[in-house]
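Here the structure is laid out as structure tokens; the discussion comes afterwards.
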Amino acid sequence: MNRKTVFRNVLLVAVVLLVIYAFSYFSNDTRDFKTVDTSVAISQLDAKNVASAQIDDREQQVRLWLKNGNDATDGKTQILAKYPASASEQIFDKVEGAGADKFNTTVTQESWLTSILLFVLPMIILFGIFFFVMNRMQGGGGRGGVMGFGKSKAKQLTKDMPKTTFADVAGADEAVEELYEIKDFLQNPARYQALGAKIPRGVLLYGPPGTGKTLLARAVAGEAGVPFFTISGSDFVEMFVGVGASRVRDMFEQAKQNSPCIIFVDEIDAVGRQRGAGLGGGHDEREQTLNQLLVEMDGFGDRTGIILIAATNRPDILDPALLRPGRFDRQIPVGAPDLAGRRAILRVHSQGKPIDPNADLEGLAKRTVGMSGADLANVINEAALLTARENGTVITEASLEESVDRVVGGPRRKSRIISEHEKKITAYHEGGHTLAAWAMPDIEPVYKVTILARGRTGGHAMTVPEDDKGLMTRSEMIARLVMAMGGRAAEELVFHEPTTGASSDIDMATKIARAMVTEYGMSAKLGAVRYGQEGGDPFLGRSMGVQSDYSHEIAREIDEEVRNLIEAAHTEAWAILNEYRDALDLIATELLERETLTRKDLEKILAGVEKRPRITAFNDFGGRTPSDRPPVKTPRELAIERGETWPEPAAAPVLVKAGAPNSGVPNGGVPNNGGLPNNGNQGPSNGYAQPSYPQPSAPQQTPQPGTPDYGAPAGWSAPGWPPRENPSPTYPGQQSGGYTGGQNPTPPNQSQGQYGQPQHGQPQPDQGQYGQPHPGQQAYPEQPHPGRRYPAQPDYPVQYPDGGPFADPNRGNPSGENQWQSPTPEQPQTPPPHHSAEDDGPSTARWDGPDGSR
């Protein structure tokens, strides 16, 4: 409650009290009489000093108008005295015998209205207080005041609110393009309806926290040009039974009155959680609310013109009935940005801030792999706060570097005092991590190593990937195991006993090894089997109270395989440190003197360290002998072998406005329909142009004679076999060309990397949390065509009347240079998984020091 509201309430109470006092004052006709004792009034009656008298029987008082005032009445001639009910006859006799000129007796009787008011008024006051308290508990009761418990709390955005557009969104270009189509459908429905297209009824934005799901919804609100209602999923859950379902009904009734419109439900997992039996046979109020939401989204009634946009970071717990097409037709993953996205986000958040021209934002974008947009905004803000703390005027490279360390590891513990021996142990511990990682061939080089205490760690070593990756091989995971055990091995090698500082390293190594055995099938003994399926009661978090789906013998073998992996990594780390003991001592000496070493320093110190061979102890394929035949080469590698120049990616995708000439074929491009005859259409009906080849090196496609031998038995056939020679038609979001060798592109609307379905054994530390939420989605891979080359740049001439979401040249770029690029074969679309010893760093691998806490 603010100060203005308090002042208003106090003033209202004061006015009411003043009115009551004024009413009682002016309605009292005895205010001119002096109240005296009963004995004084009787003495005046006995002295016959009374001119007139009036007896008020109900009030049991007598009014006397005296002939002369005296000392007993303080000179007043109008006096008032009270008397008991038993003395009424005596007072009447006294007045009658006083010889007054006149006297009167008034008997006041209550009216029926007064009696009713005296009975009802206290009840009205009590009910008023009750409803006031309930109104305060319900936050105003929503629409309808006190009786509006069942009314919707959805708020309609007005023109006075700050407007966010798609130009303010950076690092989520695919999500922007998907949502822009909805905005274009609302503003230009004719060209979609001419093709029989229907607008998506629901759009689900899912992904980890801080990636911009709510920001995308605000951008849709600023661009749509239709009524926009926003509500939180928790607003449906109240203390009364049935309130949630009633609010859902009222929200959609409100939306129908403003159709066409958009409803945005933030954190829909609060109401859309998967239904279950309930514990103890009880009733869950969320189920009733969810059932009403399902009916309103796609039930018997009409819902034309209402688009529901929802956001969640827990798609795995949503009810399958809520995710089916017809309710949420489009499910858009919003993951962590890639390198180009991080560049754009840093440009947006650094706009308007005095950044030093020598500050390397490009390098900062490379060092922050896996960070979300919120993390990057926090990095820039922390750098500004650090600069202000030091009374600086320009944000320098050092401030940006320190801000990254603060966001990843926490603030420095400058006041911590440690002994020289503990400092030496920390130096060797972090040096062991660094040297082990430097000698392994399948791990990113160490970017920074420090023994400064930060957050809950006594030191850490960071590895930064050179580029974004979405896959991890077995040798890479073993290399991370070796790095994790490097600190423990250094303590045992130098000080002949381990310390508690390696607890977080052991925890990280155990997680990696167990994931290799149980999730990724990287154990030759147990095979490619997933042990420990996710499931269980949704009310128990899907993991509590659920028995393992494997036997005790398998559990014992899993433990043995995990231990063997960690022991092999421990032995390898010991061998590396023992072989390069001089380099380990040199790293420890430099850390004791300088406390922090960067990659440039490490390159000088570890110049003589050679890469170790890959560990093959666990590469047991059984009777399956790997082939010596190398994999096929990419179109880029083939072009380089032929001496041709591979074209650089274009600066931006081609966005052609409706009605523009030659909208189906870009200028200077060669129409390509896969060698099939032209049917007369200017372009594909889905709005995506066929890929074009740079001239004059476009390949000539020649038919392949005969049918290739696929190794099927003679005379054997099946539906769809043998495969057709002609390529299958493409689908929206797919590339028309495929990699030589038949690697399938990613299906549309399917997330890659960390928050999508893994491809070809992609590691997933928490695959269920941000996996594909809809189990019924299918991929439609494209059949490779012989002779087809991968295009240099995917070309999307989407015909939007206003030029599309990327028509603004200054979008996400304060300098005015348009650097947005659609993904290419050389530009991965997803960030690599985090390689962190404690599994809490958002961007880099951190191997903590021996402080005993992590």
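The first residue you see is number 1, and the count goes up from there.
The backbone N, Cα and C atoms fix where each Cβ goes, and this holds for glycine too.
Swiss-Prot has this to say about the protein:
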type     : residues                                       : note
TOPO_DOM : 1-5                                            : topological domain 'Cytoplasmic'
TRANSMEM : 6-26                                           : transmembrane segment
TOPO_DOM : 27-112                                         : topological domain 'Extracellular'
TRANSMEM : 113-133                                        : transmembrane segment
TOPO_DOM : 134-854                                        : topological domain 'Cytoplasmic'
BINDING  : G207, P208, P209, G210, T211, G212, K213, T214 : ATP binding site
BINDING  : H429, H433, D505                               : Zn(2+) binding site
ACT_SITE : E430                                           : active site
REGION   : 658-854                                        : region 'Disordered'
COMPBIAS : 661-692                                        : compositional bias 'Low complexity'
COMPBIAS : 698-719                                        : compositional bias 'Low complexity'
COMPBIAS : 720-730                                        : compositional bias 'Pro residues'
COMPBIAS : 749-778                                        : compositional bias 'Low complexity'
COMPBIAS : 812-822                                        : compositional bias 'Polar residues'
COMPBIAS : 825-834                                        : compositional bias 'Pro residues'
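Taking the C-alpha positions, the distance from T211 (ATP binding site) to E430 (active site) comes to 32 Å. Of the binding-site residues T211, T214, T211 has the largest number of other Cβ atoms within 10 Å of its own Cβ.
Listed in chain order, the extra residues whose Cβ falls within 8 Å of the Cβ center of the ATP site residues G207, P208, P209, G210, T211, G212, K213, T214 are A311, N313, V334, S372, G373, A374. Taking each of the binding-site residues K213, H433 in turn and counting other Cβ atoms within 10 Å of its Cβ gives the largest count for H433. Less than 8 angstroms from the CB of G212 (ATP binding site) sit V169, G171, A172, A175, V334, S372, G373, A374, each of them six or more residues away in the same chain.
With DSSP states grouped into helix (H, G, I), strand (E, B) and coil, the topological domain 'Extracellular' (27-112) comes out at 26 helix, 25 strand, 35 coil. Straight-line distance linking the Cα atoms of P209 (ATP binding site) and E430 (active site), rounded to a whole number, equals 31 Å. Each of the binding-site residues G207, P208, P209 was scored by the other Cβ atoms within 10 Å of its Cβ; the lowest score goes to P209. Within its own chain, G210 (ATP binding site) has S372, G373, A374, D375 as residues 6 or more apart in sequence whose C-beta sits under 8 angstroms from its own. DSSP gives T214 (ATP binding site) a helix state. In the structure shown, the C-beta of E430 has more C-beta neighbours within 10 angstroms than that of any other entry among the recorded positions E430, D505. Its Cβ taken as reference, H429 (Zn(2+) binding site) is surrounded by 34 other Cβ atoms within 10 Å in the chains shown. Taking CA atoms as the reference points, P208 (ATP binding site) and D505 (Zn(2+) binding site) are 25 Å apart.
Using Cα positions, the member of the recorded positions H429, E430, H433, D505 nearest to K213 (ATP binding site) is identified as D505. Among the binding-site residues listed (H429, H433, D505), D505 has its Cα nearest to the Cα of G207 (ATP binding site). Note on proximity: of the recorded positions H429, E430, H433, D505, the one nearest T214 (ATP binding site) is D505, by Cα distance.
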